[in-house]
Amino acid sequence: MGHGYSAKGLLLLVLVVSCMLQVVQSTFCTKPGKLVKSYYHASCPKAEQIVRKVVTKAAIDDPRAPASLVRLFFHDCFVSGCDASVLLDNSTAMVSEKGARPNINTLRGFEIIEDIKEALEKECCNTVSCADILAIAARDSIVQTGGPHYDVLLGRRDNTVANYSGANTVLPSPKFNVTTLTQKFIDVGLTKEDMVTLSGAHTIGKSHCTSVTTRLFNQSGTTKPDPAIPSALLKKLQTKCPNDPNDLNSTLLLDDMTPETFDNQYYKNLLARQGILYSDQILADTEGSNLELVKMYAADQNLFFDAFVKSMTKMGNISPLTGSDGEIRKKCHRVNSYKD
């Protein structure tokens with residue numbers, strides 16, 4: 001006798017039941033505590049493999065993608081912790097961090113995160129958080145460009161609110177002096193050494209000219225360029241970046257020696273006074289521990305890689321939501337209670 005189910009209907013029923021079981025597992029088996037490498041080993045064993053596949057394709061399609069994903073992770077963790085709040089769109093209930101001054105028209109890679117989330121939902125629905133996706137995607141982006149592989153600690157959950165005002169106030173600016181820049185890192189539980197180390201992520205990617213025009217034409221309100229820029233570099237940068245604070249299209253390579261390779265060339269550039277951003281070059285322009293660290297990293301890439309892994313792991317542990325806090329978003333750009 002038949003049971004009234006077609007093959008297609010039976011398959012759908014199996015998928016629904018499987019998804020429901022995973023929801024139960026994520027609800028009752030998740031315990032608050034420290035992030036751990038093995039968090040998804042049972043609930044979604046292919047999670048990291050799926051993220052890596054999407055990131056690899058994105059990097060092939062767009063060489064800027066890896067740097068964009070790393071920056072997305074930075075801008076998430078500095079604001080309210082690593083909670084995927086940076087991914088949320090505007091809604092009637094909140095103002096998105098995407099529109100904050102440090103983010104608007106410059107943050108990229110959102111569609112890549114959504115592609116990863118869609119693939120993960122097909123594999124193990126309601127299981128892998130968008131916050132963890134950001135952390136894994138940042139690591140894979142570093143590896144994809146030649147940087148060090150490291151274990152990502154997992155178990156973050158997603159925030160249900162964005163922090164627009166926080167994004168406007170806590171994120172480091174490329175125009176900050178070294179004192180203000182250092183304080184921004186200290187404010188989120190990082191150190192001066194972490195600041196110098198994590199700044200090394202600028203060994204890949206580009207900057208919009210809007211982050212550099214002040215340095216090129218009106219440093220500190222003087223109506224003159226930053227005197228620390230060598231004349232040949234200044235001429236080249238002024239040619240590429242016209243004095244237009246509203247130009248959102250022009251960009252500069254942050255490291256034009258090895259722009260798509262994660263290495264220690266960034267620090268060599270700083271010692272040669274070839275840093276593009278003011279906040280980068282000042283790390284090497286003042287005698288002291290910052291300069292000494294720049295010299296050490298410029299001389300020893302393995303030393304930089306080891307320190308970078310430690311600092312990235314430390315940053316990834318800034319105020320994560322765990323246990324029953326937050327939620328596991330089904331779509332990274334909106335909360336689960338969102339109504340069209």
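Cβ coordinates come from backbone N, Cα and C, glycine included.
Since the structure is predicted, the reported quantities are computational estimates derived from the model, not experimental observations.
Taken from TrEMBL, the feature signal peptide covers 1-26. The annotation disulfide bond is assigned in TrEMBL to CYS44-CYS124, CYS77-CYS82, CYS130-CYS332, CYS209-CYS241. For ARG71, the entry in TrEMBL reads site 'Transition state stabilizer'. Marked as substrate binding site by TrEMBL: PRO172.
Spatially, by CA atoms, the recorded positions CYS44, ARG71, CYS82, PRO172 include one closest to CYS130 (disulfide bond), and that is CYS82. In space, CYS332 is the closest of the disulfide-bonded residues CYS44, CYS124, CYS209, CYS332 to CYS77 (disulfide bond), judged by Cα positions. For CYS241 (disulfide bond), the nearest of the recorded positions by C-alpha distance turns out to be PRO172; the candidates were CYS124, PRO172, CYS332. Closest to ARG71 (site 'Transition state stabilizer') in space, going by CA atoms and restricting to the recorded positions CYS124, PRO172, CYS332, is PRO172. Here the Cα atom of CYS82 (disulfide bond) is found 21 Å from that of CYS44 (disulfide bond). When Cβ neighbours within 10 Å are tallied across all protein chains shown, the highest count among the disulfide-bonded residues CYS82, CYS124, CYS209, CYS241 belongs to CYS82. The CA atom of CYS124 (disulfide bond) is located 15 Å away from the CA atom of CYS332 (disulfide bond).
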